[in-house]
Structure formats: C-alpha cells, structure tokens
Amino acid sequence: MDRILPNSESVDLQSPRNNKEHHTQEMGLKRLIVRRGQSFVLQLHFNRSFHFGKDYLTFVAETGPAPMELLGTRATFSLTQARKGNVWSASDFTTDTNSLLVSFFTPASAVIGPYTLKIEISQGQGHSVAHPVGTFILLFNPWNAEDEVYLPSEILLQEYIMMDYGFVYKGHERFITAWPWNYGQFEEDIIDICFEILDKSLYFLENPSKDYSQRNDPVYVCRVVSAMINSNDDSGVLQGNWGEDYSRGVSPLEWNGSVAILRQWSARGKQPVKFGQCWVFAAVMCTVMRCLGVPTRVVSNFRSAHNMDGNLTIDTYFDQNAEMLPIQKRDKIWNFHVWNECWMIRKDLPPGYNGWQVLDPTPQQTSNGLFCCGPASVKAVREGEVHLPYDTPFVYAEVNADEVIWLFRNGQAQEILVHNTSSIGKEISTKMVGSDQRQNITGSYKYPEGSPEERSVFMKASRKMLSPRRASSPFLDLLGSRGSQDQPAQLQLHLAKTPEWGHDLMLKLHARRVPDRVHPRGPIRLVVRFSAQALLHQGDTREPLWRQTVHLDLDFGEEIQWPLLLPYENYRNKLTDEKLIRVSGIAKVEDTGRSMLVLKDISLEPPHLSIEVSKRAEVGKALRVHITLTNTLTVALSNCMMVLEGSGLIDGQIYNNIGTLVAGHTIQIQLDLYPIKTGPRQLQVLISSNEIKEIKGYKDIFVAASRAS
C-alpha cells in the first residue's frame, strides 16, 4: 500500500467554528484558541484515502521550552474510535475521500499556554514520519465542571470572563466615584502578551520546565500574575508611584484602560510602564486573568488598613491644633484600596473555602519573598481563619483592623481621642452583574459591624495573629472598649452644599450638649480648633492650608449649628491630583481639659462630561459622537487633552488636543467612530488638564451587525 502522507495544504484547524464553541471568537478567528476539558475538531488532508487499522496516526502536543510527559507539558496519543476519560485524545473521526475529520480532547487539568501539534504517521510496524499540524492556544475553561475555575452560571460568566469593560470604584466611603475602564482582554495581541508576562516571571527564569508544568493550577498562575503586574522584583508590567511627580511617565489618573499599558510593556522590551497605583494594577490584572480564562472582578475597599506590623490596630496622631501629624510607621489607612477577586476551587485548603479569592498585585509587602498577595479565600477572611494560605492575615487586617486616634502633646501620645472598631473596611464594592450599578459586597468579607459574630471573629483572628507576649499588651485591653469615651457634647461636620473644585467650601459644625458623668446637666464651654489639610491617597496629609478657632457655650440640651467657610484661594494650589481635603476639629472642654475630635473628608467634584451618539451603531458605519464639557470652575482649564478608548469601537486610542477652556465656557466636540465588533461596547472619554487630571465620562453603545447595502 502507498505510504499515506499529508498533502501540501494538509490541515484545516477549523478556527472559526472551534473558537465560537470555546467562547474565544472575540479574540479573533484566524488562530485556534480553545479551552481545556472541551473537544475541538481538525480536518486533515492526505494524498489518498485514510484506512483506520492500517494507517496509524499518533499525535504529539507540546508546550514550553523542554516538553516532558512527566511534567504534563507533552502529550502523546493515538487516534482511537472513542474517547477514553479525562485524558488527551483524538477520536470520533469521520473520513471523506482523502480527508479525516478528528475530534481532539484536552483534559480539564491540562497546562495552559501555546501548543504545537505534530502528527506521526506509520503503517504497521514500519517507522513513523512526523509532520507539523499547527499551533493552538489552550486556556482555562470556566464553562467546564471538571475545571478548577468552573463557574456554574452563564450570567456570571458573561460578566466575569466575556465583559471587556467595567468600572473601578474610587473616592471615599461617602463619595464613591465610578471610574470607567477598558479591560480589552480580547484585543488580538493581548493573549500573546499574557503569556509573555508568565514567561518573564522569576519562577520561569529560575526553572522554566517546572514553571510550565505548574501552569495547570489556577492558584499558581494567579500568584505569578499578581507578582508580575508590579515591577518590584522583576520586569513586571507597571512601576508604582505614590508621589506627585509623574513627569517621567503617565499619571495613574490618566489611564483609560489596560490595553495601552500591556502593549507598551510588550513593545518596549518588557520595561515597566510608568506609572501605576492600586486601581491600575488591579484593572490590568483583571484583563490578564479574564483573558487566560479565570473569572475575575475588581474590588474596592474604602478606608483600607495597611497594617504592616500585624497588630490589627492603626494609630493616627493629631496635635491640639487639629493637625494630623505625619506618621513615621508604615501603618496607614488608605482612602480606598483596589484588588482583585478570582473564582476557583482551592484544593490546597480544607473544604468550604472555594469561590472568590483575593489577589492583590499592588506591591505592599512580600509573600514568600516576592511582592504579591493571595489567593486568600474571602470566606476565610470572613471567618477569621487567618492561618490559611495565602496572605490571609494581611487581607483580614485591610478590612477589619481597629483605628486608634491619639492626641499628641509634648512629644508623646497622651490621650485616646477615638477608638473606632468599625471605621475600617467600608463599602467594599464591585460592579453589579449585568448593570452599570455598584454592588456592596462588604457582607462577604465580614459579619455586620458591632454584631457578636464580628467581635468573636475579631478576637479569634487576634489570638492567631498576635504572639503570646503581645496578647497581654494594652492592645487587647482596647478591644473591649466601644468607640469614644463618655463626652459632654456630640460634634459633627456637615457640608452645606456640594463641594466643587474651584469654589469656596461651605461647612456646618453641629454641636449638641448631652449629659456625661462630670457635667450631668450644667453648661459647658468649648474651644474648637479647626485645621484643613490635603489628603493623599495613602492616608498621609500635607501641611495645613486653613485654620480657624471657634468658641462655643453649650447649655444642657442645646444644639448649635456654626457655619464654616473654607475659601478656594486657600486650597487652590495645595491639593494633590485626587482633590481630597480632610477637615479636622479638636474641641477642648475648658474646665476639664478633656478633648474631642470631629472629622470630615471632602472629595471635590470635577466638571461633568456629556457624551451622546446620534444614531444606531453598526459595524463599519460612521457613528457620530457628540462630547460636551462646560468649565463650571472659576479658573480656566489649560492644556486640555482628550483621549478616547473602547474595545470594539476604536482600534487603540484617539487623542485630541483641545487647548484651554475658559471659566464658564462650553466646548463641543464632534467626531466619527467606525465600530469594529458587534455587541455591547463602552466608549471611555478622559479629558485631563493642568488643573484637573481626571474629567471622565463613558457611554454604553450596542453595536449591530452591518446591514447589507
């Protein structure tokens, strides 16, 4: 019998069909991209008819630098009539003239990555001849019940795998801002960049074969990506910068999405992109993990503790003039912090800790020698099981630490102004499934504040995290206390109107006399010293930009509202790009010397963008976009630059220099887009200026298929 040989056009990878069935068609139809644990078909063409039982076909699939069957990076399997279990196989074939249609199956535990596929052809006991078949990319498969990232809900899969845009939540707990972000995980080159990231990790560089062999494990892959998104140990994607000088790169506030960051990293020799902060790190990690097939979401924690010494308290210091003092310790309370949750089974943990796992690519502390964090089971955090890997004590403290505020006098902390057991870990937020709304998921991280379960879990975690010596320290004595001590007055600061950047700020001090042990009924006199300081993202403050002193006489049962004015000129050139102000007041009771603290964090609103589209959006047809911005400030916005982005709408980014926008004036911009892909899309628009770095807007657009003309 003539030797059977593949002909010159020997293989049809059936990429359009396979990619659609494997939910990868958004990555393109030219290459074969499939998910593990699910069959796909190839068509092989030969120089004559194929005869099963006489012509023997053996397939070899390989990935990594030195493929070995023992490591799971090489698989050899023969053509059979039926599939045999959860193993590599080629079966269920049909023949047609000189062609063979074969169903290939990869196990749900296979190593992910780019593969080469070869075919070895032999007849009987004769020697075999190997021929290349082609290449394919294998990804995690959250649609498959055998995969460790299996998520049994099509609605959730559409959100946490297929959705290529979303929101990052920023600001502070009482003024949360939805920040649109273009994840862009299906842009054609992003999948290749994701594997470049894995191939640049220290794990790969140290032992490439071992690294590849562990890429079947989502826990391992997530940890590697968490370390590689930052550049503290390696040639990671982003360099962090928490200062205020971004002249050598891009301000973290000026990114619209992940695609430009990942492409820049790949194109410029894997040099870290400048610059990122927590929301940029987390959003880029979301892109990478969704691209690799792991259900992922971005989570924001407001008033997030950065507890480096593991004692579950964060100490803050004020002087008697209400100035928040610089902290020498690394313990801080960040206004907000952003991390990721990835969905997976945790075979390395006892039963009950599957599901959402915290992963945090922001470089805060080392974990097993590298700057990465997680995966930490959200369930373990809620139950205080801080001994479970990975980095659960650090995550637990981020959402549960106690805040102790001290009055600092004569060189030392002399008086506890406030002991807050519930001020940290507020409004933990993520994008709601199938909606542009925000979802509060605080309840998945902890029991309700002040409930018996919450304090019980706190004490359990404390005993595990504190050594026996420290367990008898004043810290545990504090745990029993409940908020502030017995005080003769209640003080609150309120905003009298919406705070807008470029305008004076109007506040009111509400003071109400209440009975206490020292002054059960009589009048009291208070001296209240106020201070306002620029508040930095990581919880630090600058020098005071405004001070005021108020004298109050309060009779029993009396309530006073005292107006306060913070002029624009006081803060005009004193704030960071994030436009946050902390107003603090220390009230001293004259005849006892006791002190009380009142605080208000203010986020200043920038002007608002309006985005409208004129008609139905169709692939390839001009779509007119109208963008309107009114400068509601009392000063001009100079050097205004507009950036547009949106996967499926724009290839890359569109830049438009719009110059200076005079105070009170409106600018209207019209431009045409030519949508590239069908389905729900989001247009992100950023206008940055010297005065305000982040005027952001977005527009959800549904793109229809092109109608035949």
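Glycine is treated like the rest: Cβ placed from N, Cα and C.
TrEMBL annotations:
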- CYS278: active site (ACT_SITE)
- HIS337: active site (ACT_SITE)
- ASP360: active site (ACT_SITE)
- ASN400, ASP402, GLU449, GLU454: Ca(2+) binding site (BINDING)
- 7-17: compositional bias 'Polar residues' (COMPBIAS)
- 270-363: domain 'Transglutaminase-like' (DOMAIN)
- 1-25: region 'Disordered' (REGION)
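Annotated features, which come from TrEMBL, shown on the structure.
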residue : record              : contacts (Cβ under 8 Å, 6+ apart)
CYS278  : active site         : TRP334, PHE336, HIS337, VAL338, TRP339, THR362
ASP360  : active site         : SER226, ALA282, TRP339, ASN340, CYS372, CYS373, GLY374, ASP391, VAL395
ASN400  : Ca(2+) binding site : ALA305, LEU312, ILE424, GLY425, LYS446, PHE458, ALA461
GLU449  : Ca(2+) binding site : THR421, SER422
GLU454  : Ca(2+) binding site : LYS446, TYR447, PRO448
Residues near the Ca(2+) site, ASN400, ASP402, GLU449, GLU454 excluded, by Cβ within 8 Å of the Cβ center?
THR421, SER422, ILE424, GLY425, LYS446, GLY450, ARG455, PHE458
When you measure from the Cβ of HIS337 (active site), how many other Cβ atoms are you left with inside 10 Å?
26
Counting across all protein chains shown, how many other Cβ atoms sit within 10 Å of the Cβ of ASP402 (Ca(2+) binding site)?
24
Predicted model, mean pLDDT over the domain 'Transglutaminase-like' (270-363):
94
